[in-house]
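Can you read through this structure? Questions will come right after.
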There are 2 protein chains.
Amino acid sequence: MRIAILGFGSVGRGIARVILAKNLDILVTGLADSRSGMIDPAGIDIEAALARKEEGAPCGSPDIRPIDVVTGADYDILVEVTPTNVENGGPALNHIQTALQRKKHVVTSNKGPIALAYPELRVLAEENGVTLRYEATVCGAIPLIHAMQEGLAGNTISRLYGVFNGTCNYILTRMAAEGLTYAQALAEARELGYAEADPTYDVEGIDAAIKLVILANTVLDMQTTLDRVDRTGISLLTPEALHLAEEQDCTIRLIGEIVPAAGVLRVSPRIITKTHPLVVEGTLNAVTVETDLAGDLTFIGKGAGSIETASAVIGDILYIRDRYVQGS
Amino acid sequence: MRIAILGFGSVGRGIARVILAKNLDILVTGLADSRSGMIDPAGIDIEAALARKEEGAPCGSPDIRPIDVVTGADYDILVEVTPTNVENGGPALNHIQTALQRKKHVVTSNKGPIALAYPELRVLAEENGVTLRYEATVCGAIPLIHAMQEGLAGNTISRLYGVFNGTCNYILTRMAAEGLTYAQALAEARELGYAEADPTYDVEGIDAAIKLVILANTVLDMQTTLDRVDRTGISLLTPEALHLAEEQDCTIRLIGEIVPAAGVLRVSPRIITKTHPLVVEGTLNAVTVETDLAGDLTFIGKGAGSIETASAVIGDILYIRDRYVQGS
């Protein structure tokens with residue numbers, strides 16, 4: 001099986017390392033990041049590309065842009081793992097559209113195109129007889145979309161809620177455990193690489209809201225947009241509020257919630273009893289799905305990280321291989 | 001799509017009710033329980049069969065045995081949901097073998113044949129170009145096998161452990177919460193229908209051990225048998241032991257554990273910190289999977305129940321329909 005990888009940051013390199021380490025019998029025939037690209041029908045030397053990238057050198061030729069790989073390389077699956085842009089989907093949206101039009105399967109970890117344009121992309125995939133998969137866009141390593149599409153097929157989801165952002169969960173865990181202020185806990189999260197220099201995307205609940213929109217549009221039969229998510233972040237939370245919750249054997253978590261029948265999509269800090277399965281520590285994610293047949297199910301795992309996200313992408317690649325490109 | 005259902009106890013009737021309630025476009029062309037059977041290529045009136053069963057009448061003709069349905073009915077998928085027999089697999093093993101030989105897909109909730117004969121059944125399915133699915137055999141409504149086979153494809157599982165038996169979990173929860181003795185908690189579980197008249201199968205860890213054997217043989221590339229599981233039940237646990245654990249912010253749970261590389265399979269009461277995601281209340285099941293790429297994942301949900309088990313069976317039926325019998 002042949003894949004082309006767009007994006008050679010932490011996720012793209014994670015995928016490359018897993019392919020090498022596991023002998024997955026996957027040939028990488030195209031590769032590009034924002035600076036350079038490579039196309040080789042016989043298979044790119046991934047180990048050498050990783051080494052160049054680590055030295056700070058371009059991984060390929062500066063003349064080859066990502067879109068050239070999409071249109072010019074020979075591959076079964078386009079693996080779109082460039083950084084998320086939720087304003088307009090960025091170039092990733094065009095990459096994915098172009099690949100689907102070329103009748104190529106697509107696997108992506110890029111939240112932008114899936115949050116903004118899933119209905120159109122799904123139609124495009126169907127028209128071209130190919131598959132679009134995006135497990136890595138929601139809760140990293142947790143196979144939530146697989147579980148909902150397959151294991152829970154036949155169930156009606158009445159409510160879905162959980163901890164969708166590891167950065168906020170880390171900050172709240174530390175505020176509760178050590179009595180830190182929001183600013184102190186955020187500074188600690190930055191030092192450990194859990195928060196960006198500009199933390200707005202995480203702490204104001206935007207990242208969680210995007211994941212809700214993706215779940216709503218892809219597995220909950222809703223048609224919604226980011227501006228319709230009722231959203232409150234954690235930046236105004238005080239240690240006193242957490243202390244009050246603790247006194248009642250509760251704590252506070254940033255909870256994203258969807259109630260499909262009521263059209264509810266919201267992200268907000270919520271008081272929750274400490275014994276609830278959603279009360280996970282550190283940067284973990286946790287999601288509870290309420291169903292009519294299977295009852296309540298909770299999934300807990302790592303929501304971010306290079307190798308964890310690569311795990312979800314690899315799962316999607318193997319899913320497509322086992323169904324659609326076997327023997328190729 | 002046409003299915004034949006063997007077994008019309010709580011699981012079989014749960015499946016029939018879901019098919020009716022959800023308009024799943026599934027035709028039931030064969031149906032049998034231990035007393036009677038029906039075959040109708042045009043589709044059996046499921047509602048009437050449910051009504052007869054509830055009145056205590058035979059659901060079909062006493063002359064039609066389950067094996068007659070397997071060999072004589074026209075179906076795409078055999079749904080084998082007769083009671084588990086772990087001594088020799090019981091008639092279910094023969095039903096499944098015969099259906100696979102007839103090139104019919106099989107979905108089962110019956111632990112016996114899967115625990116005893118999975119390698120042979122898989123070969124038989126492959127030789128006949130059909131699929132055998134068994135999600136309902138482990139942890140009821142939790143789509144654990146789906147998650148491990150698909151979402152976590154590409155991962156190596158280094159360890160898997162969890163609460164596999166709801167009856168034991170209920171007893172231990174009540175002993176810890178109320179200071180009940182084992183005998184008192186068991187009596188309560190019996191009253192609520194969570195424990196059988198003879199509780200040995202649950203409280204001695206046999207049920208949990210069978211689930212470990214199924215996971216080992218089906219998704220962990222091991223080849224093992226029930227007698228190789230190191231097994232201790234909960235019947236000798238005292239309230240004092242639980243009290244001592246509580247003093248350390250811990251509790252005791254019956255934990256099933258597999259370490260594939262070391263060949264470890266064991267079921268035993270273990271002391272576990274109360275904040276661990278596996279510490280679930282009541283009859284819930286919970287499983288943690290340790291992987292090389294995705295990190296640790298925990299799945300929590302209902303491990304038993306008529307509709308919950310039906311949910312897993314329906315998930316498998318739809319899985320097969322979407323892949324192999326579409327358009328039929």
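Residue numbers in this text run from 1 along the chain shown.
Using the three backbone atoms N, Cα and C, a Cβ is placed for every residue, glycine included.
Positions annotated as NADP(+) binding site by TrEMBL: B:Gly7, B:Phe8, B:Gly9, B:Ser10, B:Val11, B:Gly12. As annotated by TrEMBL, domain 'Aspartate/homoserine dehydrogenase NAD-binding' applies to B:7-135. Marked as NADPH binding site by TrEMBL: B:Lys111. The annotation domain 'Homoserine dehydrogenase catalytic' is assigned in TrEMBL to B:143-318. Annotation comment: TrEMBL describes B:Glu196 as L-homoserine binding site. Per TrEMBL, the feature active site, proton donor maps to B:Lys211.
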Nearest by CA distance to B:Val11 (NADP(+) binding site): which of the recorded positions is it, out of B:Lys111, B:Glu196, B:Lys211?
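Result for B:Val11 (NADP(+) binding site): the nearest of the recorded positions is B:Lys111.
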Give the number of CB atoms, excluding that of B:Ser10 (NADP(+) binding site) itself, located within 10 Å of its CB.
16
Since the record lists B:Gly7, B:Gly9 as binding-site residues, which of them has the fewest other Cβ atoms within 10 Å of its Cβ?
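Selected from the binding-site residues B:Gly7, B:Gly9 on minimum Cβ neighbours within 10 Å: B:Gly9.
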Go ahead and report the DSSP secondary structure tallies for the domain 'Aspartate/homoserine dehydrogenase NAD-binding' (B:7-135): helix first, then strand, then coil.
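Helix (H, G, I), strand (E, B), coil: 59 helix, 20 strand, 50 coil.
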Provide, as an integer number of angstrom, the distance between the C-alpha atoms of B:Gly9 (NADP(+) binding site) and B:Lys211 (active site, proton donor).
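A Cα-Cα distance of 21 Å.
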For B:Glu196 (L-homoserine binding site), just count the other CB atoms lying within 10 A of its CB, please.
13
Let's check the environment of the residue listed as 'NADPH binding site': how many other CB atoms sit within 10 Å of its CB?
23
Around the NADP(+) site recorded as B:Gly7, B:Phe8, B:Gly9, B:Ser10, B:Val11, B:Gly12, what other same-chain residues have a C-beta within 8 angstroms of the site's C-beta center?
B:Ile5, B:Arg13, B:Gly14, B:Ile15, B:Asp33, B:Val81, B:Thr82, B:Ser306
Compared by Cα position, which of the recorded positions B:Gly7, B:Phe8, B:Ser10, B:Gly12, B:Lys211 is the closest one to B:Lys111 (NADPH binding site)?
B:Lys211
For the residue listed as 'L-homoserine binding site', what is the secondary structure by DSSP, using just helix, strand and coil?
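Once the DSSP labels are grouped into three classes, the residue listed as 'L-homoserine binding site' ends up as coil.
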